Amino acid sequence: MRPIISDYIQNDKRFQELDDVFGHQNILVTGLSPSAKATIIAEKYLKDQKQMLLITNNLYQADKLETDILQYIDHSEVYKYPVQDIMTEEFSTQSPQLMSERVRTLTALAHNKKGLFIVPLNGLKKWLTPFELWKDHQITLRVGEDIDVDEFLNKLVNMGYRRESVVSHIGEFSLRGGIIDIYPLIGQPVRIELFDTEVDSIRDFDVETQRSNDNIEEVSITTASDYVITDDVIQHLQSELKTAYEATRPKIDKSVRNDLKETYESFKLFETTFFDHQLLRRLVAFMYEQPSTLIDYFAKDAIIVADEYNRIKETEKTLTTEVDDFIQNLIESGNGFIGQSFMQYDGFESLLKDYPVTYFTLFTSTMPVQLQHIIKFSCKPVQQFYGQYDIMRSEFQRYVHNDYHIVVLVETETKVERIQSMLNEMHIPTVTNVQNDIKSGQVVVTEGSLSEGFELPYMQLVVITERELFKTKQKKQRKRTKTLSNAEKIKSYQDLNVGDYVVHVHHGVGRYLGVETLEVGDVHRDYIKLQYKGTDQLFVPVDQMDQVQKYVASEDKSPKLNKLGGSEWKKTKAKVQQSVEDIADELIALYKEREMSVGYQYGEDTAEQSAFEMDFPYELTPDQAKSIDEIKGDMERERPMDRLLCGDVGYGKTEVAVRAAFKAVMEGKQVAFLVPTTILAQQHYETLIERMQDFPVQIELISRFRSTKEVKETKEGLKSGYVDIVVGTHKLLGKDIHYKDLGLLIVDEEQRFGVRHKERIKTMKTNVDVLTLTATPIPRTLHMSMLGVRDLSVIETPPENRFPVQTYVLEQNSNFIKEALERELSRDGQVFYLYNRVQSIYEKREQLQMLMPDANIAVAHGQMTERDLEETMLSFINGEFDILVTTTIIETGVDVPNANTLIIEEADRFGLSQLYQLRGRVGRSSRIGYAYFLHSANKVLTETAEERLQAIKEFTELGSGFKIAMRDLNIRGAGNLLGKQQHGFIDSVGFDLYSQMLEEAVNEKRGIKEEEPDAPEVEMELNLDAYLPAEYIQNEQAKIEIYKKLRKVETEEQLFDIKDELIDRFNDYPVEVERLLEMVEIKIHALHAGVTLIKDKGKQIEVSLSTKATEQMNGEELFKQTQPLGRAMKLGVKENRMHVTLTKSKQWLDNLKFLVRCLEGSMVIEDEN
């Protein structure tokens, strides 16, 4: 797209006139619409290739301009400095997404990189680390250079990194021997290997496997925070803070002086080795002798652009008042100090006094600066066609007749062809793939996207987007950010920490106390230490660790510890065994019944199906595409489909269901879409109408929102076959509903229907295809255990244009609430205000009404009648209310794309999984969503609430709070899938053992036998110190992980891989580890040779083989191969089993390795044919 418009604009006289003064003098440019303005600014940047600063009044405008600018400039040259419009969010937990964008911007400026930098006003006014100090903390390491290790590690702490034993999250580093691991805020995790003080190698590594990948010659390490805090900064801070405390104390009410003292003491405790960057940022005004602002980071010849000056001044005024009120509030409550602020108060103009500024405004207005030029553009909006082909034809003909240069932007290559053929049918001449030189009177259809089209009459240029043609929304171009798959995120809830509950398959629930090295009979070995009821303790050898699993159950469930040797655990297991067998019977009966029943077999996709799917304006995620293929595969088989489609809220399940519905309708079948609430019915109905508007599909709705007459007509239409798709609540299950030819039943959230309705659904399943949708995740282990008896499709990846919800945790504060509400309403959005006390919910509404007199505020709670509740919700969805004060009834199933702020009072009283689901209510559109979790000021929190809040603080994409929420939701998902009564059984033995028992029961009932190993496990008793010493691997989780891997080794290649991993992660290994690896090597060959026992008997080693291995041994070959051992080896057969005795000598271990290889090499392998 760029060269086409670009070359045309750069050759235009008006642009050249602007270009001569742009960036050299104070000028005013008027008349341009937002996307035309973005185009002109981008062209100027591309021509000059200098640093350009573009200032907007708020983050929302910055995001909008950025989206358009990214159509012209590569995202590697576009930077944004996102600061929330509510500056007081500086006092809450920061979002890593915004932080990494800020750090990326500051880092680029520190390296004097060219780029277009988009900054909202409050980003420009924010106090920052002095430029030289920031620049001094830009680290680039090269292979071969010397470093001072202590100084380097100290610098990492200054830059906001936390030291851990194993690096698993952004902003962490670790030191193990001569290996430093770092996970920077931007870029891949890196492993730096030192030879003394020289950088020997640099490799990137995978935090999941902890293995390194490619060698790199050099690496730049960005800061992990947008502030640099050194020892000197801390000293200066403590001195300034003391002065501020002494100045504040006499000026506040005596009743809050103790609070002030506590606040002061809590900050005074900080020392450089342990401080929280997130917390210290509140004191930025006291940190530096001379703090900088962003303008100090720019080059002297940077071009400065201000967008909509009057809006910027208005925002500045509001900002100053809000920050003053907020700080004053803090001071008066004993939580803040005089002089505490996070922005400078000089006017916006004085910050830019050293630069000429180009001001863009839509209309001419008076400016406070001396302007050298005013350049007026004439720019018109484009006619909104919205699919009205007659108007479209006449307007395009007008452009062609007037010799305009016409550019039509569409978002995908396939759409280029469709729109070209549509215009050709209207006899409008079109071309595609033109690189430059648009001819007048010609329509160029090309790939690209802007927020809106524009017409520049004097240039005779018009740019038209899909938005004007068909009312579609612009797809956001997202910069690539680091995300982990849900599977990766959930994986680490399995990490064992000291104090965690565990389940031993034979002994029951205990508590994990760590890994201990014990000396038994002069030999050192590692054991897993478990605590049981009373003082009972169990030491499990690490080679039996597969009998120990982490105990996972519902949130906040503390299990009872079992007694060692008691019968209680056996009884518990027997009860669960009976339960899983019953479930397995039920599943298999259902499966057999379904396999035997015959339904309608659909044909392959039709041309209409392809056209319908191409009409979808977004790119499918890989999971969506896979699910669609699985569903179509089921429909094209003879047996009826019964598939569960599981995916998080907003991950695109509906589109998958809609495609299945369309496929059914194209073959003359009817579709029933069953949903649990009237609101959802309405929303799905509207989605279907919008999606299928260009196709001959008759869609109807049966719900309380329809009149009796309409419902009657719909029922008749279903009976006659006139209606293709019907959406409705449980009314669809009524006996008075008759279908002419029902082919597909789609059920949304089946677990929310009553028992009677579920029974009715079950009877309908026998001969029609059924697709069930659920937003509660189904655990992967459970998914695996049900393979072959239940068809599951899982959507784990979010759509591309979904932004992570920005999550903040902070104390209750009415000023802050007012700002958050105002900010959302100012962008024409809506707010969910969660207040979970029905008895005082109307009082809360009155309080909010006083804060926001102009807002329309509604209340929704579970004690309202169903009709009132639904009408309130529908009014909110339709935008009649700005704020909805509600209880947790919004937790599931309401889709309000325009509501993108969620405020939850007393968040510490909710469970994590509940908070996770509530948070899913916002950020459903391409706008950024905000979730504020508030807790009462000065409230003493219980320990669990405190842990929960801590987890919520990490509740961003990569945080552990997510993992806990996912764990809890997984268990809820298991209950939904298998029946609520299973919850108790899952809690009694732990989730993993339950899944394992279910899998075994299902396989046994289906007649699938687990493969018997050819040879039993090798028992090894060698008097060797063979273990992983604590000095070599300090982190116990890492140690357990390595033991687990060694236990699974079956080939020498796998063993070599582990040796590489040990050297890669922990450096060269000591003799004890060498011995451990040798024992594993012996075990590999012994297993293949059918050896059952290797025992150290003091002066000799005894090796025993199984009966089967003895039969398969070629004695002649064995004698030949073992000749080098001579008389050190003796061989005999007793009770049909071969026994080999090896006399111990200095090199006995090498001899033993040689012997087991010979035994393996002398086996006669039976011909499998």
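Including glycine, each Cβ sits where the backbone N, Cα and C put it.
Between the stretches 92-95, 556-559, 748-751, 756-759, Swiss-Prot puts its motif 'DEEQ box' entry on 748-751.
Listed binding-site residues: GLY647, GLY650, GLY652. The one with the lowest count of other Cβ atoms within 10 Å of its Cβ is GLY650. Listed in sequence order, the residues ALA775, ILE795 complete the 8 Å Cβ shell around the ATP site centroid, once GLY647, ASP648, VAL649, GLY650, TYR651, GLY652, LYS653, THR654 themselves are left out. Using a 10 Å radius centred on the Cβ of THR654 (ATP binding site) and all shown protein chains, the other Cβ atoms total 20. Cβ neighbours within 10 Å of VAL649 (ATP binding site), excluding its own Cβ and spanning all shown chains: 17.
Averaged across the domain 'Helicase C-terminal' (809-970), pLDDT for the predicted model comes to 80.
Following the DSSP three-state reduction, the secondary structure of LYS653 (ATP binding site) is helix.
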